[in-house]
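According to TrEMBL, the features are:
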{"type": "DOMAIN", "residues": "1-90", "note": "domain 'Cytochrome oxidase subunit II transmembrane region profile'"}
{"type": "TRANSMEM", "residues": "28-51", "note": "transmembrane segment"}
{"type": "TRANSMEM", "residues": "63-86", "note": "transmembrane segment"}
{"type": "DOMAIN", "residues": "90-222", "note": "domain 'Cytochrome oxidase subunit II copper A binding'"}
Amino acid sequence: MSTWSQVFLQESNSTINQLLSLFHDYSLALIINILVFVTGISISMMSNKLISDSIIPTLVETIWTIIPIFILLALVVPSLQILYFMEESNPYLTIKVMGHQWYWEYNLADLDISFEAFMYKEEELYMDEYRLLQTDSPLVLPMMKNIRVLITASDVLHCWAVPSLGVKADAVPGRLNQVYFNAVRPSIMYGQCSEICGEQHSFMPIEIETISNKKFLEWCSEY
């Protein structure tokens, strides 16, 4: 989850988000190199009084046409690989998520488990719990398993987003969107509705707890 004075992305807790974070760092490094190069050339041109007014050679034009092509390919290829990886999955478990004003409804159809998750009121929180993020019924999932989430809404547009998993999808009435993820460690993660959906839009937190498969099956049997 986010912490005070945090500048960079949240710590990754899924394979997809690890890839997205690596691509972010890779793209940022490439962009910074381009910025430094262009800035250096611009300063050199402004400070050089012996600027030639002659026609630019064909070789130079060819070079500055070819180099941007390779730069774009260096961005497009890994981006497409991650995009296809995000959609290729053989899910261990499918979860149906429905957004309401202003709470989330979860349905684990394969296990015949269904519940609603409401935000805890501030006066109900303990000292070690988080304001605007804690729910009365967290979504419990097994780690190291491919999870598919089908997302829709019953009334207005919502958005189911969990940054540390690298997933975000609009919840649209009458339409199903899906995301995949694979949590790589036991943890508790938080997200929020990321689509303005009314006066209590800020009060739709998402709480996910990932545990071992054995403990998950025990949780299912006790639910």
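Even glycines carry a Cβ here, placed using N, Cα and C.
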*Under an 8 Å Cβ to Cβ limit, what residues of the same chain, 6 or more beyond the ends of the transmembrane segment (63-86), are close to it?*
16, 19-20, 23, 26-27, 30, 34, 179-180
*Of the residues in the domain 'Cytochrome oxidase subunit II transmembrane region profile' (1-90), how many are helix, strand and coil by DSSP?*
63 helix, 1 strand, 26 coil
